[in-house]
């Protein structure tokens, strides 16, 4: 086995082993139910609902079919989160998909997931959210014209650096930021919902007449529409990445899921109805920033509030993405699949600062080279590839190991539906509209084989890495951590 064995204790705080005289360092259990709901809802409500509606409508062709896609995406996210909640009560370790794949399928597929997630998927998701934050943050300074890409990318980079500082300083500070920004973005969405209801009450229902006209039926188009819609729901499994930092995870995890995801789904549907009440489908399709166009039409001179709200929303979402994304890197390193330095925590702040700094660096590279739409499509393809693998692992446990203790069980039909959807979302765009970029992504995933066998399987580590790790430990003031025995 390539997994390193570590001592375990039960205390959620750093403690001292009297028998060996060695201090044990661990991440604190700081995330309760409210913070858990905020982490899920706060990460989900980000850039997607303000940028994806036009793309869902573009691929589906009609208002009614686009609303059906939004509802179906919410249902699929709920089913997926409930399935992950059961996994989280069986395997009570942080790391989400990575730790589930590792414990169920073994070291090799888990390494491929960690390699892809840490290098590509998580940084790409964070970069996409920060780019959308930057678009809305700088838009008021360039009225009537497009914002310069240099300014947008520099603002997105500044956002990532600020998030790095917040998350490296204190877990409680990071969760407080999540709670505050989640409340702010819920308020912003309620403003849009109420505005839309007022418009509907005043008879602005033109978009809903012949609402299914021009609907697209191609499997590829529907798959890409799902990608754009599901991007807005991404974050539904974020709580599974911080299981070890949850207070009473067997209770908090399923409860937070059952509160957050239906709330977000209802808000998304009402917000889309509001957009369609304020704009015709053609106006919505031609809008570069749907929420800003809605604000111009409905709020008049107060439209700047929408830009501000969207900027706050995307900043809060990027904080949640960063919070959970750094944990994947940290847990993978703790299991021996990444350099040792990434498995360490700051001795005073008790945060996985090396992993957070690495995630930050990779995200900055993504910002330099990527655009929002391309990042979303490729992120979604690879994410659902691994979601499908994780869900198949749950089905294996339910069928082959029903005796495993679990405080929460999901009906088996739910993970089966999620698995079918994952297979569809991976294969449909390839079959209908194959793109060479998807081949590049698959090749990138399997390029991990080149690293796995020498570095993980046979542990061929250059000696200078030990000296580098020691110097980095001293510079960053970090030390190895322990974990709870679950």
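Note that Cβ sites are derived from N, Cα and C of the backbone, with glycine treated the same way.
Look at TrEMBL and you will find 1-23 tagged as region 'Disordered'.
Sequence-remote contacts of a segment are chain residues at least 6 beyond its ends whose Cβ falls under 8 Å from one of its Cβ atoms, and for the transmembrane segment (31-52) they are 77, 81, 128-129, 132-133, 136, 171, 175, 178-179, 181-182, 185-186, 189, 228-229, 231-236, 238-239, 242, 245-247, 252-253, 255-257, 259-261, 263-264, 267-268, 271, 289-291, 310, 313-314, 316-321, 323-324, 372, 376. Annotation source TrEMBL lists transmembrane segment at 31-52 (among others).
The feature transmembrane segment is assigned by TrEMBL to 64-85 (among others).
According to TrEMBL, the feature transmembrane segment maps to 97-118 (among others). Nonlocal intrachain contacts for the transmembrane segment (97-118), taken as residues 6+ away from its ends with a CB within less than 8 angstroms of a stretch CB, comprise 1-3, 87, 91, 237, 240, 328-329, 331-332, 335, 337-338, 358-359, 362, 382, 386-387, 389-390, 393-394, 396-397, 444-446, 448-449, 451-452, 456-457.
Same-chain residues lying 6+ beyond the ends of the transmembrane segment (154-174) with a Cβ under 8 Å from its Cβ atoms: 27-28, 30-31, 126-127, 130-131, 133-134, 137-138, 245, 315, 318-319, 322-323, 326, 346, 349-351, 353, 356-357, 360, 363-364, 367. The transmembrane segment annotation in TrEMBL covers 154-174 (among others).
Summarising the annotation, TrEMBL assigns transmembrane segment to 180-201 (among others). Counting only same-chain residues 6+ beyond the ends of the transmembrane segment (180-201), those with a CB under 8 A from a CB of the stretch are 37-38, 41-42, 45, 49, 267, 270-271, 273-275, 277-278, 291, 294, 298-299, 305-306, 309-310, 312-313, 315-317, 319.
The transmembrane segment annotation in TrEMBL covers 256-278 (among others).
Per TrEMBL, transmembrane segment is recorded for 302-333 (among others).
Taken from TrEMBL, the feature transmembrane segment covers 354-372 (among others).
According to TrEMBL, the feature transmembrane segment maps to 378-397 (among others). Here the transmembrane segment (378-397) has long-range neighbours at 80, 83-84, 86-87, 90, 97, 100-101, 104-105, 109, 113, 116-117, 120-121, 124-125, 128, 227, 230-231, 234, 237, 404, 412, 415-416, 418-419, 422-423, 425-426, 429, 437-438, 441, 445, meaning same-chain residues at least 6 beyond its ends whose C-beta is under 8 angstroms from one of its own.
Sequence annotations record features per position, and here TrEMBL assigns transmembrane segment to 409-431 (among others).
When Cβ-Cβ distances below 8 Å are used as the criterion, the transmembrane segment (437-456) is approached by residues 2, 107-108, 111-112, 115-116, 120, 336-337, 374, 378, 381-382, 385, 429-430 of the same chain, each at least six residues removed from its ends. What TrEMBL records for 437-456 (among others) is transmembrane segment.
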At a C-beta cut-off of under 8 Å, are there same-chain residues at least 6 beyond the transmembrane segment (64-85) that contact it? List them, or none.
40, 44, 53, 56-57, 96, 208, 211-212, 215-216, 222, 225-226, 229-230, 232-233, 236-237, 240, 253-254, 257-258, 261-262, 264-265, 268-269, 272-273, 387, 390-391, 394, 408, 410, 414-415, 417-418, 421
